[in-house]
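Visitor: Quick one: the structure is below, questions incoming.
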Amino acid sequence: MSNHLPGVFIVSDSIGETAEMVVRAAASQFNSGNMEIRQVPNISDTETLEEIINQAAASNFIIAYTLVINELADFLKMEARKKGVICVDVLGPVIEAFKSVSDIEPRREPGLLRKVDEMYYRRVEAVEFAVRYDDGKDPRGVMQSDIVLVGVSRTSKTPLSMYLAHKRIKVANVPLVPEVEPPEEIFQVEKGKVIGLVINPEQLNQIRTERLKTLGLKGQASYANLERILEEMEYAQEIMKRLGCPVIDVTNRAVEETASKILEIYYRRLSHV
């Protein structure tokens with residue numbers, strides 16, 4: 001017996017983060033100074049495992065592993081037992097527990113947690129992107145985006161940008177206003193990336209009037225004036241015609257329904273790239 005913790009080989013058919021976190025958490029319960037950890041990720045063959053077992057036996061290390069491929073895990077357990085090396089299966093018992101109380105078979109596919117993490121971070125990145133490049137704040141976002149939404153005010157550009165961001169799609173949106181020249185970038189991006197949004201003028205009039213009321217302003221302001229709305233719509237349609245972009249009518253459509261149409265266009269474009 002020793003007053004020091006043994007070294008540990010972290011062995012995984014993915015990157016080994018899970019096993020390392022568990023090992024460090026366990027080691028923190030012992031006041032024995034530093035512990036040597038040797039990490040061996042992306043294991044895919046028994047030859048590498050055999051080499052690790054031999055090194056562990058020679059150095060008096062233990063092995064902590066996350067191997068979801070049964071053949072590799074079985075080989076490691078059998079050969080380690082022969083050499084007197086202690087092996088700790090970090091993931092297997094939990095997988096078997098889930099399996100025992102359900103009719104679901106585990107996928108036995110390495111790296112799934114990392115894929116989930118990557119999806120999460122891509123979603124966060126897309127949400128941050130939507131906030132940063134909302135309402136034409138910075139035209140640089142147009143070139144970096146997956147989709148660019150254009151349309152007059154209150155055509156659901158921002159809600160759609162956020163909804164699509166939660167599907168890990170980076171969306172910039174640009175308001176079309178007669179007095180403001182749209183950024184040149186929307187004419188420079190690849191065809192099909194820009195999508196126009198239009199709406200029935202009377203419905204837009206109602207939406208804007210309600211918006212003004214929530215802000216404590218009078219509904220008679222030019223922003224909600226039907227004549228002004230028609231002027232804006234005409235200008236927006238001219239820009240969309242110049243762009244040659246697909247156009248979606250959002251009248252009486254829920255955000256989810258419009259987003260579905262946008263995704264159809266988006267995936268169709270990707271399939272032709």
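Placement of Cβ uses the backbone N, Cα and C atoms for every residue, glycine included.
Annotations per Swiss-Prot:
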type: BINDING; residues: Gly151, Val152, Ser153, Arg154, Thr155, Ser156, Lys157, Thr158; note: ADP binding site
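If you look at the structure here, what lies around each of the features I listed?
Guide: Classification of Gly151 (ADP binding site) by DSSP places it within a strand. Around Gly151 (ADP binding site), a 10 Å sphere centred on its CB holds 27 further CB atoms from the protein chains shown.
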Visitor: In sequence order, which residues at least six apart in the same chain have a CB under 8 Å from the CB of Thr155 (ADP binding site)?
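Guide: Non-local contacts for Thr155 (ADP binding site): Leu197, Val198, Ile199, Leu204, Val250.
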Visitor: Would you list the other residues of this chain near ADP - those whose C-beta lies within 8 angstroms of the C-beta centroid of Gly151, Val152, Ser153, Arg154, Thr155, Ser156, Lys157, Thr158 - in sequence order?
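Guide: Surrounding the site, in chain order, are Asn173, Pro175, Leu197, Ile199.
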